[in-house]
Each structure stands twice: as structure tokens, then as C-alpha cells.
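Everything below concerns the one structure shown next.
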Amino acid sequence: MDPTKAPDFKPPQPNEELQPPPDPTHTIPKSGPIVPYVLADYNSSIDAPFNLDIYKTLSSRKKNANSSNRMDHIPLNTSDFQPLSRDVSSEEESEGQSNGIDATLQDVTMTGNLGVLKSQIADLEEVPHTIVRQARTIEDYEFPVHRLTKKLQDPEKLPLIIVACGSFSPITYLHLRMFEMALDDINEQTRFEVVGGYFSPVSDNYQKRGLAPAYHRVRMCELACERTSSWLMVDAWESLQSSYTRTAKVLDHFNHEINIKRGGIMTVDGEKMGVKIMLLAGGDLIESMGEPHVWADSDLHHILGNYGCLIVERTGSDVRSFLLSHDIMYEHRRNILIIKQLIYNDISSTKVRLFIRRGMSVQYLLPNSVIRYIQEYNLYINQSEPVKQVLDSKE
């Protein structure tokens, strides 16, 4: 989130140590970059002389590996799909239940001709059972794990969790679609397996006009996730903080809950593995990272270097050119995955609030459950926002 919205914001100074400081890097799993390296990234010259004996040995190993893994038939497309998550009620679910072959095959069942798994869809009307509502006080807070995959499905992949920070006032279909677009690109382009996704709404200390109270925004996010997804969750920790929380510290919170307290995710071999945590954001956020005196360099290095960023391009934006021109972002470019929108969707929460104030329809811009919640509590009706914020906002 934009640090300038913090009530006590001061432009960061060079070499300034922010408080509280980011977590030590040794507490964050070293899963490597999200984008695979290419030849140009290696130190050795491409056309340097090579040892013929070593080349023959490597070629022999590759040939043996290929022959041992040869398949007698081409698998159907449906067999390539693996369930992302199952909705379980506790972390103590037995290994037999969580890893049964029959249960896995049921989850893989396709829905019509769509490339959507049953495990990705929650019932559109009934709120799933065993959902723990997020607390309204920090004393009652519990980290949500009810949809966190307990065990990796693919032994060749590494676990990854997606986190989206934002105001979500209100949450829209674009916010939900961003997770699905990121999921597609990660599955297709990387060596990671997504084991969960989280919305993290900002606290009431975020100084932006048009924000509904934090507990309303958290509840709307919960309704959107509960009724449309079975792998997305809402974490209220950031919204319950008494002061503005820097994005770097929010990612540290997820690392603490998942990797330090829980030891990561179980692998196919039964061992625990650290989970890579990545920030999901729109192109407008990455552009704000390039503005001088907005983000501290230490936070940018921490977010982009130790965690990583998934950037969904907006209409008309050119994130790649922007990365090329910014020193810190270019340094960590291998840990930034740019997600191209194949069907452009620029639904804006700011414009949704404007429509509500004007008595216009917001049907098909938000989940029905969120629309009903807004109507029930009369949210956004009597609010006003600066004209410039309405015209310029991409959030």
C-alpha cells in the first residue's frame, strides 16, 4: 500500500533505519526467484570452450534419465490438473484423509468444458462449514489456515503463497480475478505450486477517503471468498493494528505465521519445506515504488528481494519499461512476475463507490453477497470523495 497514506508519513531518508525493522533475512525461506534464469544470467560465457569428456558424461546421464521416465502414452489434459486446496477444518486432519487417492480423483473432476477445478469453486449460496470468522479485536485474532494446502501435490514444485494488501473498499471481481490470473501464470511459467491465497485489508489508520470501517471491509472480503473460492482466505491482522503497517512488515507477519510458527508446508516425502510468500499488486503499486521519497529503499529490497512481487498490468500500462528504468526493481527483476491481462478488467473500487452514491447499479461488478452486505449496512451512500481522487484512482 502507498506509504504516503500513513498518518505519520515522512519522506524516507537515505540509509534511514525504519522502525520496526524488517525481519532478518535468515528467517525467510530461500526458494529462489520466481522467474527462471536464462543463459545471459549465468557467469560463464555461452561460447566458451568446453570439456568433451564432461559433455559426453552429461549427455549420457540425460539420455538415461529420459529413457527411465519415458511415457507409453500422451496423458489427457484433465490428468494434468492437480487440486490446489481442500477446505479442511483444522491443521490436525489425518494424513490418510488429506492424501487419499479417491479424494484426490474426486477433486480433479472437471466442471463441464471449463478449465476450472471443483476444488477452486465454493458453493455460490451456502457459506462453507467450519469457516472461522476473523476477529474484530487483536486479542481474539487467529491466523486463518482452513484453506491452506497441508501437503504439496507435485514433488517437483516448491510451495508459494500469494498475499494481496489493499483497502478493498469494497472488494470487486477484479480483486478476485487478480488471484486467478496469478495462479494461471504461476502454474504455467514457474516451478512453484500455489498452496493458498490471502487478502490483507489495511487498518483504519490508512488515510484515504472512502474507506469503510475495517471490520466491514474484512467481512466483505470474507463473503466474497466464502461464496466464490475454496483456496482464498482473509487475514485481519493488518486491519487490527493500531497504526499503519508497512507492506514489508505485513509480509513478515505471513512468514512468521506460516514458516516460523508452522514450519512451512509438508512435502510429498513427509518433510516440512519453507513457503515462498509473494505480494500480489496492480501496476499502479509498482509505479508508486518508483516514485522518489515514497518507499524506503530498505523496504523495497526486503519486499522484492526476500519475498517477490506478482504484478497485474492495467490497461495502457507498460510495467516492463518501468522495471528497466528503476535500479532497485531491475536488480530484483527475477523475483517479479508480470501478469498480462488477456481480458482487460479495470473495475475500480473508487468508481463502484461513486456508482453507489449516485444510486446506479453495481450488479456484476461485485459478488452478490457483497452487494447485499453494502445494502444492509448502508455503506458508501453518504460519503464524499475529492473529484481528483475519483478521476485519478486506479484502485
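Note: Cβ is positioned from N, Cα and C throughout, glycine not excepted.
Annotation comment: Swiss-Prot describes S167, F168, T247, G282, D284, W295, R314, N345 as NAD(+) binding site. Taken residue by residue with DSSP, R314 (NAD(+) binding site) is part of neither helix nor strand, so it is coil. If you draw a 10 Å sphere around the CB of R314 (NAD(+) binding site), it holds 17 other CB atoms from the protein chains shown.
Look at T350 (ATP binding site): DSSP puts it in a helix. Around T350 (ATP binding site), a 10 Å sphere centred on its CB holds 20 further CB atoms from the protein chains shown. The ATP binding site annotation in Swiss-Prot covers H175, R209, T350, K351, V352, R353.
As annotated by Swiss-Prot, compositional bias 'Pro residues' applies to 9-24.
The phosphoserine annotation in Swiss-Prot covers S85 (among others).
Residues or ranges marked as phosphoserine in Swiss-Prot: S89 (among others).
What Swiss-Prot records for S90 (among others) is phosphoserine.
According to Swiss-Prot, the feature region 'Disordered' maps to 1-34 (among others).
The region 'Disordered' annotation in Swiss-Prot covers 62-102 (among others).
Checked against W295 (NAD(+) binding site), the binding-site residues R209, T350, K351, R353 differ in C-alpha distance, with R209 being the nearest.
Neighbour density around each Cβ, counted as other Cβ atoms within 10 Å, peaks among the binding-site residues H175, R209, K351, R353 at R353. Reduced to three states, the DSSP call for H175 (ATP binding site) is helix.
Sequence-distant neighbours of N345 (NAD(+) binding site) (same chain, six or more apart, CB under 8 Å from its CB) are Y173, L174, R177, listed in sequence order.
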